[in-house]
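Quick look at what TrEMBL annotates:
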- 1-43: region 'Disordered' (REGION)
- 1-26: compositional bias 'Basic and acidic residues' (COMPBIAS)
- 27-43: compositional bias 'Basic residues' (COMPBIAS)
- 47-77: zinc finger (ZN_FING)
- 47-77: domain 'C3H1-type' (DOMAIN)
- 165-190: region 'Disordered' (REGION)
- 169-181: compositional bias 'Polar residues' (COMPBIAS)
Amino acid sequence: MKLDGGDQVRKQGSQEEVLKEEEKKPQERKRARGQNKSRPCMKPKHYEKDRLCQSVIQECAEKCYFGSQCRFLHDVGEYMAVKPSDLGDSCILFKTFGKCIYGVTCRFARAHLGEDYRNIINGDLVKQWEGKSLVRNSLSKELQQRLRKKKVCFDKSSEYLSHLGKPSSAGNAGNKATGNSTEEKGMTNCTASKGNAEGLDVLPPGEEAPECLTVSEKGEASESMVLQSSCLVNASKDSTLKTIGPVTDEDVIKLRLCEKKRLDIQGKLYLAPLTTCGNLPFRRICKRFGADVTCGEMAVCTNLLQGQSSEWALLKRHYTEDLFGVQLEGAFPDTMTRCAELLNQTTEMDFVDINVGCPIDLVYKKGGGCALMNRSNKFEQIVRGMNSVLDVPLTVKIRTGVQEKVNLAHKVIPNIRKWGASMVTLHGRSREQRYTKVADWEYIAECAKLASPMPLFGNGDILSYEDANRAMQTGVSGIMIARGALIKPWIFTEVKEQRHWDISSNERFDILKDFTNYGLEHWGSDTQGVEKTRKFMLEWLSFLCRYIPAGLLEYLPQKINERPPYYMGRDYLETLMASQNVDDWIKIR
């Protein structure tokens with residue numbers, strides 16, 4: 001049936017009305033995908049817009065690698081016209097080391113700039129620091145490139161991982177390992193000979209592992225297993241190692257657990273690894289006040305294996321940190337074992353700590369942190385694997401459990417001792433509790449007995465020397481201090497001198513000045529370094545404001561979970577430091 005002109009107009013009009021009604025309906029928000037490029041950026045806008053070329057900063061503009069295609073400024077006069085004003089007349093880098101490597105970009109540049117914006121150098125101070133390494137464990141460009149191109153060979157890790165899923169009986173060389181990265185493309189697989197009593201195949205003393213074979217990108221997993229079995233046959237034919245010339249012990253003898261360097265920190269004060277706030281400048285402050293043992297911030301093993309500069313920065317160690325450890329987080333034995341072997345070869349450290357206490361969802365949902373307490377098989381594989389590739393002691397940090405009323409630590413600690421860990425640290429709260437309730441030191445005392453002879457350090461709610469004394473009476477080997485050090489870093493002095501320190505506001509302000517100088521020394525005195533120092537100082541001030549001066553308390557000591565009402569200090573600065581308002585923190589900054 002054909003429609004006349006009037007019917008067509010009416011139909012077209014009704015369709016338009018339907019479309020208008022659909023447009024009026026609220027549309028469902030589409031799920032955001034891809035990179036969030038509109039997120040707020042840490043760097044100031046003018047920093048990237050008018051940035052000076054590094055070759056000009058180092059006063060070698062003719063050596064600019066990019067030449068005319070360089071996107072940064074090469075005209076010092078143009079840069080100085082838009083550069084933010086200096087923040088002071090004294091540069092801590094020039095004052096301490098005799099030279100500021102940031103040159104004209106330094107926010108205190110007037111202290112060391114001469115004619116034509118030339119950098120002034122104090123030769124005597126430069127000679128004093130020549131050849132001295134202040135900060136260790138930096139990531140070299142060469143290692144970063146090898147990690148990104150996956151050209152690092154993990155011999156010991158591959159040996160351990162290739163036998164994870166195999167039964168202890170011989171002749172099952174064709175079974176696949178449970179680790180998910182042992183047969184990745186481009187990675188290496190190393191074989192060993194006979195198994196030991198623990199079910200892990202380890203070479204007997206006097207024998208070397210066969211040559212490391214690389215799996216080609218086109219090769220299949222079955223081909224790699226054939227190569228491994230052939231290597232095993234060749235190794236069994238020639239069991240005696242033939243050498244020419246002098247041979248050192250480490251070439252033929254594997255380090256036994258009893259021969260490893262022991263971690264002797266009985267009764268020492270341990271500064272906990274603190275995410276964000278436990279940076280290198282803060283650790284220097286705590287070392288000055290008497291902290292014996294320090295540990296870097298939690299580093300994610302997968303990011304380290306990818307060569308991420310931001311993650312490797314968490315491993316940096318100042319030369320004043322005489323007992324220093326590195327804390328790693330991961331959920332699988334392959335990545336954790338490889339990361340441990342990598343750090344064992346490239347990093348100066350006294351021990352490695354496994355984070356099995358992290359409560360945040362981002363880590364927990366991936367199977368890391370506290371989740372490992374419920375994944376005993378993976379937990380065991382991680383501890384045994386890392387212990388087999390490390391030459392330094394391995395420690396573990398755990399919580400009482402995951403759920404609030406279900407304690408797991410007393411079941412896990414004997415296993416940790418059996419797996420070969422040198423020490424365990426127990427935080428007296430579960431994951432669900434976070435910081436809502438006080439730490440359970442009675443339970444920590446029970447676990448300390450179960451851990452013996454392995455040392456156990458207790459952690460939780462220590463804010464005074466009296467809290468520390470009560471903690472030591474529970475039978476623990478030592479105490480770890482976390483939030484207490486953030487609220488009052490001089491707690492280490494109080495514990496060692498057994499006194500309450502009624503510290504003045506001026507003394508506390510001097511601590512912030514020292515932190516600023518350490519921050520500018522560590523992160524830089526240019527715009528980016530100044531902004532980073534400011535950021536981390538504000539993070540720390542959110543804890544420092546919780547301190548109540550000892551001279552104002554009705555009774556001593558202050559409890560860590562107490563939140564006092566607003567009060568007036570003994571002077572304006574003390575009142576400002578007690579404020580919970582971020583605007584007041586900016587005034588202090």
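In case you wondered, yes, glycine gets a Cβ from its N, Cα and C as well.
Nonlocal intrachain contacts for the zinc finger (47-77), taken as residues 6+ away from its ends with a CB within less than 8 angstroms of a stretch CB, comprise 83, 101-105, 116-119, 527-528, 531. Broken down by DSSP into helix, strand and coil, the zinc finger (47-77) contains 15 helix, 2 strand, 14 coil. The average pLDDT computed over the domain 'C3H1-type' (47-77) stands at 81.
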